Amino acid sequence: MGKGSMTAHATPNEPDYPPPPGGPPPPADIGRLLLRCHDRPGIIAAVSTFLARAGANIISLDQHSTAPEGGTFLQRAIFHLPGLTAAVDELQRDFGSTVADKFGIDYRFAEAAKPKRVAIMASTEDHCLLDLLWRNRRGELEMSVVMVIANHPDLAAHVRPFGVPFIHIPATRDTRTEAEQRQLQLLSGNVDLVVLARYMQILSPGFLEAIGCPLINIHHSFLPAFTGAAPYQRARERGVKLIGATAHYVTEVLDEGPIIEQDVVRVDHTHTVDDLVRVGADVERAVLSRAVLWHCQDRVIVHHNQTIVF
């Protein structure tokens with residue numbers, strides 16, 4: 001990962017201007033700086049001095065070191081800088097030459113008011129897809145949904161009222177290569193994030209390498225105990241006491257990417273299979289929407305195979 005190209009994928013300890021439901025976007029002159037490097041004295045001072053000399057006022061500053069000595073330092077700074085949009089490219093260059101080169105920092109600047117371009121991929125289950133579209137229409141998510149891609153046509157009528165293009169690309173085990181080529185034509189260079197909202201196809205390593213942006217997936221937290229078909233039936237037969245969900249970044253290793261968010265709900269012997277499915281869908285919606293929001297707010301930094309969420 002080269003300097004200036006940090007793939008920050010980023011938890012909410014401060015307000016950071018989250019838009020209220022239906023409210024305005026973040027102020028235009030609010031910027032975010034994410035960085036990661038080998039820990040050593042002087043990093044915070046150097047970052048703060050650079051921003052001050054650029055005319056920026058730091059609103060909040062969160063940092064974490066993985067160890068007292070020899071650890072990795074991670075930081076997220078929120079700052080106000082008049083005329084940020086015109087200055088952000090210069091900030092990126094100057095920070096690289098004056099601070100990042102000295103400390104070996106991987107970093108990225110972002111404008112809070114510039115929403116992430118997001119594509120959602122789905123199959124036939126609608127709960128996660130429609131929840132994201134609904135929350136986004138209410139102004140709860142800092143993103144612009146540019147398209148929905150599905151390998152089945154079932155959800156087209158549900159997506160149209162949101163004014164988002166629905167693209168049906170059939171994908172089976174036999175047609176996966178052709179389907180992924182078409183998906184890449186639509187996605188590569190056009191989106192900042194892809195959300196797999198219960199997209200029930202395994203993406204190839206070649207697709208993940210070529211896509212050029214992070215992907216977030218959601219799955220129930222029975223994995224790996226109840227993989228495959230009918231997990232809720234088998235979970236009830238086993239007498240599970242907790243139902244949960246995990247949102248994570250997608251890697252070549254299935255369902256083992258860096259975890260962004262997890263949650264659980266307690267269940268008991270009175271819950272039927274249908275009850276478990278309903279509870280599971282509720283927690284999946286909540287977990288996925290939080291993970292997507294945190295990513296779009298530049299709160300997540302990936303460190304090895306885990307995340308630091310500020």
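Glycine too: its Cβ is placed from the backbone N, Cα and C atoms.
Sequence annotations record features per position, and here Swiss-Prot assigns active site to Asp255 based on sequence analysis. Mapped onto three states, the DSSP output places Asp255 (active site) in coil.
Annotated compositional bias 'Pro residues' per Swiss-Prot: 15-28, in sequence order.
Annotation comment: Swiss-Prot describes 32-108 as domain 'ACT', evidence class sequence analysis.
Residues or ranges marked as region 'Disordered' by Swiss-Prot: 1-30.
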For the domain 'ACT' (32-108), what are the DSSP-based totals of helix, strand and coil residues?
31 helix, 28 strand, 18 coil
Cβ neighbour count within 10 Å of Asp255 (active site)
14
